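Per TrEMBL, the features are:
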DOMAIN    15-73  domain 'Homologous-pairing protein 2 winged helix'
COILED    93-143  coiled coil
DOMAIN    156-205  domain 'Leucine zipper with capping helix'
Amino acid sequence: MPKEKKTSVSSDKPERIVLDYMSKQNRPYSVTDIVTNLHAAVTKTECQRAVNSLVDKELLTSKTFGKQTIYVVRQDTIETAKPDELSSIDKRLVQLREIIVEQKSKQKQLSAELASLNSALTMEEIEKRLATLTSKNEQSKEHLFLLRSGSQLVPVEESQRVTREMETHRKLWTQRRRLFKDMFSTVTENLPGKPKELLEELDISLDDPIDININPRDLLTT
């Protein structure tokens, strides 16, 4: 049994597709541009035949630039709007512009509200924050109670450790201060002028910030 031949696409169908597209766009295109923009609704060969036929029918005009030919709808074949239609279009454009302005204003307001809502804490976050603050508040109350009751907040071991460190640093400070005074006295023994003036010139102070003979433990109770 002989195979049936495939029915070929009617030659006027690609023409209608191309002419409809070119009329709607009303812009110059090459054959490659048309095929690409139509997403292969017609093949390149069909498109080339269609534009050639449309040019022959004086529905398209063509102009060649080097190796490329550009096609565009003849402007004298395009229906033009009547004055009353143009007036109606102008009025509609004014209305649409007003609607755009109004919608932009609403969009700005809604965007601000959305930003405010996004920055606000969720109920879960509020509850978690409240629990944290409540816990800290209870801890502060307990600490305040201990302070008012005169309880010793620093452990004895920690207090003793700090006292030992203080006594060690105080001893070192005393030794180094005495060593400096002995060295300075030896160096300035035969120098003209008063040693005190030299100390002031060198911006060196020997004033005791505290009484070096004070008991370190007395500092903790003051």
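Along the chain as shown, residues are numbered 1 onward.
Heads up, the Cβ atoms here are built off N, Cα and C, so glycines get one too.
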Mean predicted confidence [pLDDT] for the domain 'Homologous-pairing protein 2 winged helix' (15-73):
92
So how many of the residues in the domain 'Homologous-pairing protein 2 winged helix' (15-73) end up helix, strand or coil by DSSP?
31 helix, 13 strand, 15 coil
Helix-strand-coil residue split for the domain 'Leucine zipper with capping helix' (156-205), DSSP-based
39 helix, 0 strand, 11 coil
